[in-house]
Amino acid sequence: MRSLSSIALLSVVGAASAQAGPWAQCGGKSFSGSSECASGWKCQELNEWFSQCVPGAESTTPTVSSTPTPTDAPSVSITASVTTGINKSISVSSASKSTPLPSSSSASPSPRPTGSGSFAKADGLQFSIDGETKYFAGTNAYWLPFQMNDADIDSVFDHLEQAGLKILRVWGFNDVNTAPSPGTVYFQLHDKEKGTSTINTGKDGLQRLDYVVAAAEKHGVKLIIPFVNSWDDYGGYNAYVKAYGGSKTEWFTNEKIQSVYQAYIKAVVSRYRDSPAIFAWELGNEPRCSGCSTDVIHGWATKISAYIKSLDPNHMVALGDEGMGLTIGSDQSYPYGTSEGNDFEKNLAIPDIDFGTLHLYTTDWGIKDNAWGNGWVENHAKACKAAGKPCLFEEYGMKGNHCTDELKWQKTSLSSGTAADLIWQYGQQLSTGESPKDAYSIFYGTDEWKCAVMDHMENVNKN
């Protein structure tokens, strides 16, 4: 689903210190700060460019190797938050076609202690969460990692836990081409002039996602995190294209772009690979390659899903697609076709793709009869059954009729054999006002919340 861009601000302040604080940079090429970590923390080398203070008993000074950066790979930086409150940037080489992809042994550790619970997994045609194998319900709140008020994030998870919603999908990307004002949340900067990309791990960067993961652990909610958007909201493919050239359809095969994308995947996966709060990683949100052969997305998905599994074999991986290009039950309408470069059944057969996803927006797709959606759900359930993998009804919504037609789709999802559903999207009042709102939003505590969420949960619990 396309999302409305929103910006959250945070003033980053701090006092200088002779020691590097928790999770701060403490070494690496060109680094001139302190290599001594605070008491109870030690300096661990993650690569030649970056060492970080991690939990441990002693402080050590990392060694620096002299391995040169491949000349054919774009520069990718990690912006680390230090105790002075000032971001320090250090360049690291991203993987390129001529450079072996990094293995999981070289990935950085999770930045937060992991909570209780177990890794979610596929169990036949269903999902197993913390020892329970059954049908699950959840929602989308793409905007949550961009909130700067911790209390707002805590409130969202309080409400999800109370409602029994076990799965939450949030954006794991926020790409920009111009450095925003200090304190503006972004995750990665693609600089066209410098030909570099910078990953922001500061207080207005991935530390916001850190808090979301920690809150999910606390409340027993599992997160789905995609790495890039096909739409321009929050950067998308175009943010890469503006910096490195090509087009949105060439994004999947552009070597420089893919090396930057893989470097970002490694940075995020390495932070949370030990967290039980991660339900699954997704290659992207609604990947499309308009007019392309289906081999393009299939080949890309095969390569990237295997790469993610090499970094983190414990969590599930999904494509994050809309479910287009389905032959089973096809009525030859636009969603069943392959014009957007997807072949649902072929992609589902990729060994490192653990489950299928489907989205449903009749109005946006030019479908006049909302009842059409019931067949869409049923036919995907059949395809997943044939593949022996679960199906996640990952996004669905309509402009109005939340309490009529959407409830019918939910009942179809329950009865057809899909494994879970996530309504688009969750909304609530925040300290700054309403959360990002579109025509599909279901706000907590409203009449629509009761019918579209609470009534649905009653049916889920009976299932």
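Cβ coordinates are placed from backbone N, Cα and C, and glycine is handled just like the others.
According to Swiss-Prot, the feature active site, proton donor/acceptor maps to E286, an assignment based on similarity to another entry. For E286 (active site, proton donor/acceptor), the Cβ neighbour count at a 10 Å cut-off comes to 23, with all displayed protein chains included.
Summarising the annotation, Swiss-Prot assigns active site, nucleophile to E395. For E395 (active site, nucleophile), the Cβ neighbour count at a 10 Å cut-off comes to 25, with all displayed protein chains included. Following the DSSP three-state reduction, the secondary structure of E395 (active site, nucleophile) is strand.
The Cβ of W424 (substrate binding site) has M1, T139, N140, H359, E395, Y396, G397, Y440 as same-chain neighbours under 8 Å, each 6 or more residues away in sequence. Per Swiss-Prot, the feature substrate binding site maps to W171, N285, Y361, W424.
Marked as compositional bias 'Low complexity' by Swiss-Prot: 59-77 (among others).
Annotated compositional bias 'Low complexity' per Swiss-Prot: 93-118 (among others), in sequence order.
Look at Swiss-Prot and you will find 57-78 (among others) tagged as region 'Disordered'.
According to Swiss-Prot, the feature region 'Ser-rich linker' maps to 75-118.
The region 'Disordered' annotation in Swiss-Prot covers 93-121 (among others).
Mean pLDDT across the region 'Catalytic' (119-463) comes to 97 in this model. For 119-463, the entry in Swiss-Prot reads region 'Catalytic'.
If you look up Swiss-Prot, you'll see 1-18 marked as signal peptide.
Here the binding-site residues are W171, Y361; the one with the fewest Cβ atoms within 10 Å of its Cβ is Y361. On its own chain, N285 (substrate binding site) has M1, W171, F173, P226, V228, N229, S230, W231, G320 as residues at least 6 apart in sequence with a Cβ closer than 8 Å to its own Cβ.
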